[in-house]
C-alpha cells in the first residue's frame, strides 16, 4: 500500500475537513436544541440528545458505530484468510447480539426511564461495593475499545499518509474524537454518524461497480463476477474449508470465529456505556425498531466487502501467483486500502482515509462521551461531590425525605404522609417559571441572575456546575488519548490481540448487567461474585489453552489469541460469570412476595433528575392516563407493551432469519459453482443498494419532520402566550408539558 497524501494534506483533510464539518454539525445541533426544543442548557441533553431520537437516526447511528475501522478492514481480512465464509459467520455472530439488544433496551427504558448509565441501575439496586466494581469493568471496556480504535486508526492513517508518525496519528484522532463532542454532546454524534454511514455506503457501491461491473480494470481477474470466480476457484483455500475452497460456507474455522464473535461482540455491545448511551437516547418503540433496522444495515457491510475487496484480493493474488501482502500486513487490515489504490488509484486511498476518519469520529466520540458520562454521573456526582451527602436510595435529592412510591399505588400507606416528599414538580413550580423568565432576559452586567426558587434553585446551581465540570471532563479524556496511545504503540500489541483478549476481560460484566435489568432476585453479592469469578476463570482458561500451542506462554501475544485460546477464554468468562451470578443470588436474595418485587423495582424507577423529569419525555404516549406526579409502573408497562412484544418477536424472527435460515441455505451447498456464486453476489449487492437508499433518505426526512412538528407546536404555544414573548414561550413550555396543568388557573403572572 503506497501513501497517497503528504502529511500536511492529510492533516488538512481530516482536521479542517472532517473536524471543521463536524463542528458545524455540532453548532447546528446546538441551535436546534436551543431554538426548537429549548433544552440546550441541560446536563442530560448532553448525554441523551433530548431522549427522543428518531427511529432511522437511531438505526444509522447503531450501525455506524459498528462500522469503525476494525470492522471495515476486518471483513476483507477474514475473506482473505477463510474465504467467503469468514465475514459471513463473523456477521452472524455480531448480528445475534444486535437483535437481542432491543429486549434489554426496552426493559431499561421502562424499568429505569430516568437512568443515563447502566451503572446507575447497579448503584440503585446493590449499593456502593457493586457499583465501584462495575464502574471498573465499564471503564476497562471503554479503554479496550478506545485502544482498538487507536490501533486501527494508526494503521489506516500511516498506510495512506507519507511519513506519518505515531504522534501525528494520535493528535489527529484526539482532535477528531473530542472537538465536536465538547460543543454538541452526543446529539452531534448522531448527525456525524449519519454522514459517516452515507459515505460508507456510497464507497461500498463504488467498489461494487469498479470491481464487479467494470471491463477496464487492467486486470484479467477483476471486473466481472465470472472472471473473479474462475480465478478464485483455482486457488487452494484453508484446510478447515470444505474441499480446501475459498468459495464455500462450510468452514470450521470461520464457524468457530462466528461462535467466538457472539461472546466477543456481547462485551462490546452490553458492557460499553457508549452502546447504551446511543441506544437509550430514543423512546422504547423507536429504539426497538431502530436496532432491528440497524442489524440489517450493518450486515450489508461485511457481506458486500467479502464479495468485493476481499474476493478481489484473492483474485489478484491468484493472478499474481502468490499473496500480494504478507501475513502481518493482512492482519493490520491493509487488504481494503490495497484494493482501493489498485482499482481507483490515489483517489481510492483518499476515499479509504475519508471513510476511516469518519468512522473514527463516530465511534471515538462515542467512547469519549461514554467515559465522561461515567465520570460525571457515577463517580463525581455520586462520590466526589454529591448534592446531598448521605442520601439514601429512596430519599428525594431535594428535601431528603422518602419519595412517594409509583411502582404500585397500594403500598403507599406503608409510609406515613408526614415523612413523604412534598416537593412540587418542576413543571408546576411557579418560582422556576419566574427564574426561567429572569434568566432569559438581557442582563445589564453580563451576569445571569441567581435562582430564587426555594425548592429547585440550589439544585439548578449544582447542575450548572456539573455542566461546567462535564466540559472539562471531555477535554481531559480527549487529551488522555495521546499518552495512552503512545504507551499502547510502544507495547507492541496489535488490533487482533486487544480485540479478543480485551473481550475475555470484559465479558464477565455482561451477565451481571443483563440480570440487573431483567431479574428481580439478582443480588449485589451474586453479581460481584459472578463478575470476579468469570474474570479469573476466563483469564486462567485462556492461559491454559495458550500453553498447548507451540512456544506456550513464551510466545504470549501470539498464542493467547489462537483459535482455541479465545474460545476457551470467552466461553469460560461468560459461563462462570452467569452461573456465579445466578447461584449466589438464589442463595442470598430476600424476594418473598409481590410487594418485595415491587419495592426492588422501585429503586431503579426512582432514578430521575428533578429538573428534567423523565415522564415529560413520554407525555404523548401517556396521554389520557391519570396519575400523580409520575405514572405507575403498571401504566408504563401497559403503555409500552407493544414495544416489548416487538422487541421479543422482532428480535426472535430476525435471529431466526439471519442465524438459522440464511446460514442453513448457504451451508447446504458444498462449494459454490459459478451460478450460485453469482446469485450470492447479486443478493449482497441488492441488499447493499436497498440499505444505502434507506440510510441516505430516511434519517434527514424523519429528522426534518420532527423539527418542523416541534416548531409548529412552539408557534401554537407562542400564540397562546401573552404578547408572544420568548420568555412566556419558555414558561408555557414548562407548564404545558405537565398533564395536570389547568390553563384556566393563572400561573406565574401570565
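Here the Cβ of each residue, glycine as well, is placed from N, Cα and C on the backbone.
TrEMBL assigns the feature transmembrane segment to residues 254-271, out of the candidate ranges 218-235, 236-253, 254-271. Looking at 447-466, 527-546, 607-626, 707-726, the stretch flagged in TrEMBL as transmembrane segment turns out to be 527-546.
The stretch with the most CB contacts under 8 Å to the transmembrane segment (291-314), chosen from 49-68, 168-187, 527-546, is 49-68.
Beyond its flanks by at least six residues, the transmembrane segment (49-68) meets 33, 37, 39, 94, 98, 148-149, 152, 185-187, 189-190, 193-194, 196-197, 200, 274-275, 278-283, 286-287, 289-291, 293-295, 297-298, 301, 359-360, 362-363, 366, 614, 617, 694-695, 698-699, 701-703, 706 of its own chain at Cβ-Cβ distances under 8 Å. Relative to the transmembrane segment (527-546), the listed stretch 129-153 leads the set 12-28, 88-108, 129-153, 334-360, 677-698 in CB pairs under 8 A.
Against the transmembrane segment (334-360), stretch 12-28 has more CB pairs under 8 A than any other of 12-28, 168-187, 677-698. For the transmembrane segment (168-187), the neighbouring stretch richest in Cβ pairs under 8 Å, chosen from 88-108, 129-153, 677-698, is 129-153.
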